[in-house]
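Q: Per TrEMBL, domain 'PPM-type phosphatase' is recorded for 376-594. Residues or ranges marked as transmembrane segment by TrEMBL: 108-125, 132-151, 163-181, 202-224, 230-247, 259-282, 288-305.
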Amino acid sequence: MDMELEEQDLTQSDGFAFYLPASATGAVLLINGNFIASTRELIEGKLPPINAKPQIVSVPKTLLHSGKNRIDIRLSSLDFASAFEGFVYFGQRSKIQHLYLIRNMKTIAVSAIQIFLFLYFLFIYSQRKQEIFYLYFALLNLTLSIWLLAFKGHILYLLDARASYVICAFFIGSLPTVFLYEFFKHFLPIRRTKVSMVFEGFFLLCALFSLVEYIATGTIYFYYRYVFELFINALILFLFYILFRITKDYILVSKNISYGLLVGVGVFFTAIAHDIAIFLNAIVSESIINDGFFGMSLAFSFVLAKRYSDTYNNLEATQASLKALNESLETKVIERTRTIVAQKAVIEAKTKLLERDLAIAAKIQAALLPSDLPNIANVRVSFRYVPMLDVGGDFIDAITDRTGRALGIFICDVTGHGVGAAMLASMAKMALSDWSDYLSDPGFMLTKLRTQLLGKLNGNFLTATIATLYPESGRLLLANAGHPASVILRKNYTQPELLRPSGIAINEAIMTPYTTQETMLGLGDKMILYTDGFFEARDKNGTFFGEERLFSVFTENSHLKPDPFCSEVIESIRRFTNEKDAVQDDMALVVLEYLGKPGRE
């Protein structure tokens, strides 16, 4: 290019200089055909393949003259790139030095501020990890700072190597837009769409392409020739897509709009519009995209800092309120504690009285159970009764008729638990006061029992079974009122036999006849009567013990005498429920073994 200088410019000036911005390779400067300097030391007359830093090149006055002066700047191509990253300036040395100083200070100051913002918001994220947008904003500032230093060539002052420029300008420089979108998505929020995922994936691929190519070949020739222009175009499209999503998902929807955020977005997109105008040759100017990024970062940082400050202030106000509330609660707690202590004393006194009454009720109920079972030579009988509470609603009785030739066994289960159920069971015991006269007809005895309990059940009901055995013959009579089936274990038969004559549970609403069923017991046969507390027992997973498992226990222990048989059945239930002392329901069990007709072992 040609430059006009007048004589007075040469006499009044303290010297001239060029400001050369960063470039893809070194530059050779010639004036009027005379070599002035090269921004990289020549090796065998050629420029080395390494980027050049921004620098000042002084021009001796002796090489300049008034009138036209010919200036030549020769650049070589590296990785398909050869341009300066900005305008070349020529002028008086003092003014060029001032320009150089201002540009360097601006770049370093902006990078330093962005690194500070990175550290500041990274710290905030460490305190509030559930708000991940702080992390993305911190990473946005870090990558912008590194990219700015590389783009302006200042990274070469720190590490004068080709790798530092390529990695920082192209690999890391591909990431800020990804972090920007992730920040918007989590902070506003805006929706993640397939379009955004495609853009983000493309930018990550561009970053990896430049890195892999440089590691493999030592250049980014193919990236610069085939990918870089696509990257720039995609970047512009994605930024406008972000603006579209912000408008649609935030501005048009949100009632509480952050105007500071909108200011940052406005500054950034104004810079984009300016650089697009440069690209279209509509204006002649230097790029301000870095300034746009910086302005947006500052605006966003004020918004985030205010958000954090508001959160902290709200937290302090909440803590103050909690402190006042705690003091008030402490006073109330002291007062309530006094009241509770007094009430506790009253409750403990009543509890002791109730425990005493329950103990008396348990003794009374135990007294109602048969203390001595009828002693018949060819019959063995044992029972077990395990209440859920101190007293229960299951009941057992055994009796012989006046001649001693018939043995009656009664078992019942009253709905519910505790004292109420025990009272009804006691009423059933009183209603059986003369049942030895009716052993020959158990069904009639159940009907008579219902008649005597009418008006006393109060909506409850009870199930019952009455069995009458004639030891001389082995004849067995059974009547059932909604009770679980009676089980007959035949000595020479592996499967249990179930007997359940027709009849519903004794209640006040429905009257039904109770039938009597007859069967015969042989030598070694057993009859088992039980309540539902056995098969309704549950393990820790809520699985019922069940009738099938109960009948298996009966069969497995059929060789035992009645007393150990009862003990083994109770232990089987405890092992299943894993409860050694407590039970989940009242349990009553009667086992009768017939030894055959008199005179036989």
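Using the three backbone atoms N, Cα and C, a Cβ is placed for every residue, glycine included.
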Q: Are there residues at least six beyond either end of the transmembrane segment (108-125) with Cβ under 8 Å to its Cβ atoms? List them, or say none.
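A: Here the qualifying positions are 131-132, 134-135, 137-139, 141-142, 144-146, 148-149, 154, 290, 294, 297-298, 301, 304, 308.
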Q: Kindly say whether the transmembrane segment (163-181) and the transmembrane segment (259-282) touch, using the definition of 3 or more Cβ pairs under 8 Å where each pair is 6 or more positions apart.
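A: Checked: the transmembrane segment (163-181) vs the transmembrane segment (259-282), no contact.
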Q: Among 132-151, 202-224, 230-247, 259-282, which stretch has the highest count of C-beta pairs below 8 Å with the transmembrane segment (288-305)?
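A: Ranked by Cβ pairs under 8 Å, first place goes to 259-282.
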Q: For the transmembrane segment (202-224), give me same-chain residues lying six or more residues beyond its boundaries with a C-beta closer than 8 angstroms to one of its C-beta atoms, as numbers and ranges.
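A: Residues 49, 78-81, 162-163, 166-167, 170-172, 174-175, 177-178, 230-231, 234-235, 238.
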Q: Take the transmembrane segment (230-247) and find every residue of the same chain, 6 or more past its ends, with a Cβ under 8 Å from one of its Cβ atoms.
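A: Residues packing against the transmembrane segment (230-247) from afar: 174, 177, 180-181, 184, 188, 190-191, 193, 195-196, 199, 202-203, 206, 265, 268-269, 272, 276.
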Q: Hey, which bits of the same chain come close to the transmembrane segment (259-282), Cβ under 8 Å, at least six residues off its ends?
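A: Apart from its flanks, the transmembrane segment (259-282) reaches 188, 236, 239, 243, 246, 251, 288-289, 291-293, 295-300, 302-303, 306.
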